[in-house]
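As written in TrEMBL, here are the features:
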COMPBIAS  415-429  compositional bias 'Basic and acidic residues'
COMPBIAS  430-479  compositional bias 'Polar residues'
COMPBIAS  608-625  compositional bias 'Basic and acidic residues'
COMPBIAS  626-635  compositional bias 'Polar residues'
COMPBIAS  636-646  compositional bias 'Low complexity'
DOMAIN    25-390  domain 'USP'
REGION    411-479  region 'Disordered'
REGION    608-646  region 'Disordered'
Amino acid sequence: MNYEEKQRQRWATTSIVQDQKVNFKGLKNNGATCYLNALLQSIFHTEVGYNFILNIQNDIKSLEEINHCEYISSDNNSVIQSLQLLFLRMKFSTQSELLTVKFCRSMNINTGIQEDANELMKTLQDKLEQVCKQQNMLGIYNQTFTGQSSIKYTCKHCGSESPIHTPFTDVMLPVAPNFFTCFAQMVSQYQISGYKCTQCNQLTYADQELSIQSVPDLLCFTLERFKNSMSKDCSQVHFPMCLDLEFINICNCDDLNNTDKDYIQRMIRVALMPWRHFRFEGQKIYANNAEAKQFEESPQFMQHLKQYYLCVNISNDELKTPIFSQNQTPPNFFTLKSIVRHSGSLTGGHYQSLIVQQALVCNDSWVYEHKISTEDLSASENYMYFYERAKSYESADLKFQRIKELIKEEDDREAELTRGRRLNDDNNVKQENLQENQLKDQNWNKQLMPENNQPAAKQHYSPQIQQSPGLIKQTDSQSEQFTKLKLENEKLKKENEKLKQSSIQIVSHSEGSTNQQQYIQDLFTTNEQLKNELNQFKKNQGPHAVDPFNTIQLNLIIEQKTKEILENAKNNLFDFKIQLQKEHETQIQELNAQILKQKWQIETMQKELENRNRKDEEMRSEQNKLKQQNIQFENSSPSIEIEPSD
């Protein structure tokens, strides 16, 4: 058992119990794809990520074709379509575990090798960007995933400043005790060497300073736990539940330049979580500390507080976000939605995702309830934090009603197959119980029929019958007849057992055979004749007839056995029909895959044929040119006479 399997087993045996009531799906691990499962779960459980993926324009008909086909190409459109289908299944399917095989094939992912979740996110974002360029959705893509940063270089020789603006899809943070210290270390000014100034053309020293200009709707912070070494930094880093990033570029102020990092992180803490450092009483705002006091000199900052925080409901619980009045949420207010976790080392480990708002842990196929605590926000396994801008997003579910219906139909078929398998298991249990009852019947028959074939129940006769020799003689005659009937009953039981085997064979090979059906009918006829003989015998003997073998009970047992055999035959027939239906669907899927593959091969051959024809045409054209040149050369060359030698 490798490390990843041990981690899954450890998390599966924790005290957290899976919630069967919530409609959340697990993703099956295809070998070493836990990093993919954790990333997809984290994006899926963000409202902006889910709706953006589904709002990418794709033909519904092509989605239906991919849904029924195992063969899928690896172009960017196929990647998006397979991801859309997976997200729709995660939203609407009733199954508790879903497969990611199609998405892995479209991404050309080697399911036996574990990759880095952050690198996978960048690869997926590149494909999303390419598709959005084709569909004129690049603006929506940038708003969702892309932010803008600025790196300013100040030359030590001439003092000139050279800003460089670069986009980013996630913010890489150094590892520090808390988020604000991490951010302060990232934006703090530091000196670099070997800088080639564009103004004075000198190779000199320069001050480098990073600032964040704008952030996307889905903001990802990634900790640099694997930076510049083969080891992993497992230090705990505490992240807040929510942030107000309206003044995230506060470090660009001249007051913060050339100051210590501890002071910068205190100022950043006030700027990004002002509700913790100011007191709101009516229409007045009071600073709680010296750092907050400095922000009172900023008109923009104070106006921001007056506009959004005067009527806010603030809890002392660190896990509770401020409750703003309707339509009064700050435009750059972000809440923590999900966390990608990694346990283990760089060479071997396991990924899972923590869904903060729904209080869930997604560990491959298992989805568990989990009460979020402050320790969860600072756990040493935390690797990627996904924050979402607090605003309403347009739902994309309505345009996928047809896909939703197809998913429901597939789930119903799968549920029917599952019920068939359960019925088969129940039938096996019934068969075992039947065999056990048959053994009990055999033991009971041995008690009724001793070795000398004489009835063993004479001690149950009434004293009046035993005292009369005539009645004893009559009873002996009745016993012989009952013995004969008993033997016939034994024979009938064997025939019924044959009937059961014959019924199973009928279900296994075909839905009905004329000879076998006639054989079953004969057995039932024999059974009816025997019952009639028993009833006639009882009627002839009168109310004082002795039944030493309890023939009536035997007859009831036989009837019960016959009903069980018929029920088993019906269940087996039902299982056979389900199996045929499943095989038929599998064959259809294989044929569709072959048709698509052949279609692709035909298109490839047509392209090759067109290329070959084009090359042949070019060769013929070149040959004609050479012929024309030869003719011109022959016409233009002077004739040379060769004199015969003496």
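Each residue, glycine too, has its Cβ placed from N, Cα and C.
In the predicted structure, the domain 'USP' (25-390) carries a mean pLDDT of 89.
For the compositional bias 'Polar residues' (626-635), residue counts in helix, strand and coil come to 10 helix, 0 strand, 0 coil, using DSSP. Note: the compositional bias 'Basic and acidic residues' (608-625) comprises 18 helix, 0 strand, 0 coil (DSSP; helix = H, G, I, strand = E, B).
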